[in-house]
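**Q** Reproduced below are the annotations present in Swiss-Prot:
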- His40, Leu41, Lys53, Val54, Glu66, Ser67, Asp104, Asn105, Ile106, Arg107: glutathione binding site (BINDING)
- 2-82: domain 'GST N-terminal' (DOMAIN)
- 88-230: domain 'GST C-terminal' (DOMAIN)
Amino acid sequence: MGLELYLDLLSQPSRAVYIFAKKNGIPFQLRTVDLLKGQHLSEQFSQVNCLKKVPVLKDGSFVLTESTAILIYLSSKYQVADHWYPADLQARAQVHEYLGWHADNIRGTFGVLLWTKVLGPLIGVQVPEEKVERNRNSMVLALQRLEDKFLRDRAFIAGQQVTLADLMSLEELIQPVALGCNLFEGRPQLTAWRERVEAFLGAELCQEAHNPIMSVLGQAAKKTLPVPPPEAHASMMLRIARIP
């Protein structure tokens, strides 16, 4: 069997992997794992990834379970354009510099609104307002550092061309936008960067990948989202409790 990607497009890293594969014409079999329905907790999926998370890449018997590793693997195996993951040592190091910072400062911060506005209420949990406010402040600080440290006078995060760093960052920053927090407002530098990245990726592909998250708030308001099964509640409550 060929390349399989286990994804849920509500997940930021899943979207990054999906967009990358589509943009670069990489053939793959999409295996949708519906997180809201708890499909990641199934015995069948745990045989693919015992960590019970997406995205997952399965290439024959070879399995990868971290989005950055997946993107690097796809870049190398399919010999995509060099700008994505540059061969030049210093340019590549700059991509890794951002990805390291991203994991600590962006990844766990910009997804919190999905939990406070959608996932928590789905299981009857209200996140304290002081946590919501702290998260809002953390996002503002992270955005400022993203601009000051990485974008500066550059067109893209790691230089003058799109890299994996831009794709990973964009997908995280889209998450709060979809949930009613326009964090690009009043930030012309960040807005221009977003427009450049989306123009490169293509409007049609971005719309396709972003549609599930862009519609989730409306679905929640209409109560048309699936309610997570009881076996998912414990892990969801633990994740909510870990919101700083």
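Placed from the backbone N, Cα and C atoms, the Cβ positions cover glycine too.
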**Q** Ranked by the number of other Cβ atoms within 10 Å of their own Cβ, which of the binding-site residues Glu66, Asp104 ranks first?
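**A** The most densely surrounded of these binding-site residues is Glu66.
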**Q** Consider each pair of residues in His40, Leu41, Lys53, Val54, Glu66, Ser67, Asp104, Asn105, Ile106, Arg107, all listed by the record as binding glutathione, and report the largest Cα separation in Å as a whole number.
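**A** Value for the max Cα separation, rounded to a whole number: 27 Å.
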**Q** Hey, what's the Cβ neighbour count for Ile106 (glutathione binding site) at 10 Å?
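**A** Counting Cβ neighbours of Ile106 (glutathione binding site) within 10 Å gives 24.
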**Q** Give me the long-range Cβ neighbours of Lys53 (glutathione binding site): same chain, 6+ apart, Cβ under 8 Å, in sequence order.
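**A** Listed in sequence order, they are His40, Thr65.
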**Q** Could you put numbers on the helix, strand and coil content of the domain 'GST N-terminal' (2-82), residue by residue per DSSP?
**A** 31 helix, 16 strand, 34 coil
**Q** Find the average pLDDT over the domain 'GST N-terminal' (2-82) in the predicted model and report it.
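**A** Residues in the domain 'GST N-terminal' (2-82) carry a mean pLDDT of 98 in this prediction.
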**Q** Treating G and I as helix alongside H, and B as strand alongside E, what does DSSP give for the domain 'GST C-terminal' (88-230) in helix, strand and coil?
**A** 100 helix, 2 strand, 41 coil
